[in-house]
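Chemist: Encoded as structure tokens, here's the structure I'll be asking about.
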Amino acid sequence: MGDKVAGIKQKGGFRACTFVFVLSALENMGFIANGISMVLYFKNEMHFDIAGASNTLTNFFGSTFLLCLVGGFISDTYLSRFATCLVFGTLEVLSLVMLTIQAYSKSLHPPDCGKSSCLKGAIAAYFYGSLYLYSLGCGGNRGTLPALGAGQFDENDPKGAKALASYFNFYLFATTLAAMIGVTAIVYVFIDQGWWLGFLISSVATLIGLIALAIGKPFYRIQQPGESPLVRVAQVIVVAIKNRKLSLPDNPEELYEINKIERVGTEERIPHTNQFRCLDKAAIVPKDSTAAAPWRVCTVTQVEEVKILARMMPILASTIIMNTCLAQLQTLSVTQGAYMDPRLGSIKVPTPSIPVLPLLFMAILIPIYEFLFVPFARKITGHPAGITQLQRVGVGLVLSVISMTIAGFVEVKRRNAFNQSPPKQISLFWLSFQYCIFGIADMFTFVGLLEFFYKEAPAGMRTLLLHLHFCHCHLATS
């Protein structure tokens, strides 16, 4: 019996997270490289025009991040997070293999017809089938992987709370390093060695990561799914509307609640709060009912879950402008780079690899933040993460404003130089200032939001909310 208990205690922790880091890094390496290069693949190999190639890539990204919600719903309702990662990871590998085959086989390339899209018949079906299967696989894993890793720590334990705060920093660090390799090495393979080889590297890398995740199963703390979070939210809203004419009891203790034995899956009791009292009407026990039914009365915990979601929405909305700044760096700044001197010393930076600049700054700054700033701030504030999640998000928002201000001055300088006679090019190095500051902003905001949504969300909605965070990030940049 003692050995069994010891075995349970040995599960989880950073040893288990190592396998999560491997898959997240290898998968993100291919995804980022594909994302910034596929517009050229669509144009040069699939013979889209520029507008058609851009629209196809935008639709791909939109589908990927909207399908995040599917992965979150499944992992919270039907499958464990581990099983969800395996299912969607397998779909991702299969789709990458299909893309590799099409890129390699000239018989699967459409002839150049001079139209916005030259895809027809079986070739079109194969192309869109593989592309949106890739979208489904990527989207399903986008928020499930960080939730799987975060579930390896007990946030109620002081050591676990500290480790959880560090976990999100290390998760971002792993994906950042991998993205740097993607936008340099794999982009080089795409441009100089062949599209099929780049897709093949992405396929093999993701497969290795998936195998690593499966090998780590004995070390994971597996969270079992519970009731559908979407159904629970819908029940509260529907019942509250039906009971809108009823009067709330003076004592909140008279509202409906169940005991610990009757609770399902990961559900934890949440005490009543006085905010959004209109939702409390969903917990009024019907006088004409001897037994509680799901669509006739909701528990106080269920009502409080919806209140938590309502409180989170302003936080989510406050970062929309931050993500539009990211879109500016991904589009306008890359276009700026095409009209600037691409030499940084003796190194000539290709335009598609310009996003390596913020990634490089983040790779340097994340360890500094984790090993220097957090211990220092922890001594002052006593908070396990040094500063709270919302303070971290706030710092990121302020820095994003500073970054965009600098970007404006750099563009004025570039235009003034280009409009001279003869035209002059300023160094690409000037972009590094806005990229550096925005890299710091992203480090604060992205991880702060991940940790905030995971810690503050009801236990049965954590994965779904992490997926919602990724979905919201893309919608803002679109």
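Note that Cβ sites are derived from N, Cα and C of the backbone, with glycine treated the same way.
Okay, so TrEMBL annotates it like this:
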TRANSMEM  20-42  transmembrane segment
TRANSMEM  54-74  transmembrane segment
TRANSMEM  80-101  transmembrane segment
TRANSMEM  168-190  transmembrane segment
TRANSMEM  196-215  transmembrane segment
TRANSMEM  315-334  transmembrane segment
TRANSMEM  354-372  transmembrane segment
TRANSMEM  393-412  transmembrane segment
TRANSMEM  432-454  transmembrane segment
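Map these features onto the structure and tell me what's around them.
Modeler: Long-range contacts of the transmembrane segment (20-42) within the same chain, counting only residues at least 6 positions beyond its ends with a Cβ under 8 Å from a Cβ of the stretch, are 48, 52-54, 56-57, 60-61, 85, 89, 92, 96, 103, 138, 141, 145-146, 148-149, 152, 170-171, 174-175, 177-179, 181-183, 186-187, 190-191, 195, 198-199, 201-203, 205-206, 208-210, 212-213, 216, 352, 355.
Remote same-chain partners of the transmembrane segment (196-215), defined as residues 6 or more beyond its termini with a Cβ less than 8 Å from a stretch Cβ, comprise 19-20, 22-27, 29-31, 33-34, 37, 82, 85-86, 89-90, 92-93, 96-97, 99-101, 103-104, 186-187, 189-190.
Cβ atoms under 8 Å from those of the transmembrane segment (354-372) belong to residues 32, 36, 166, 169-170, 172-173, 176-177, 179-180, 183-184, 329-330, 333-334, 337, 428, 431-432, 435-436, 438-440, 442-443 of the same chain, restricted to positions at least 6 beyond its ends.
When Cβ-Cβ distances below 8 Å are used as the criterion, the transmembrane segment (393-412) is approached by residues 315, 318-319, 321-322, 325, 328-329, 332-333, 336, 387, 430-431, 433-435, 437-438, 440-446, 448-449, 452 of the same chain, each at least six residues removed from its ends.
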Chemist: Considering only Cβ pairs under 8 Å, which range in 54-74, 168-190, 432-454 makes the most contacts with the transmembrane segment (80-101)?
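Modeler: Checked against 54-74, 168-190, 432-454; highest Cβ contact count belongs to 54-74.
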Chemist: Cβ under 8 Å, sequence separation of at least 6 from the ends of the transmembrane segment (432-454): give me the contacting residues as numbers and ranges.
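Modeler: Beyond its ends, the transmembrane segment (432-454) has Cβ neighbours at 146-147, 150, 164-165, 168-169, 171-172, 312, 315, 319, 322, 325-326, 329, 333, 357-362, 365-366, 369, 385, 389-393, 395-400, 402-404, 406-407, 410, 462, 465-466, 468-469.
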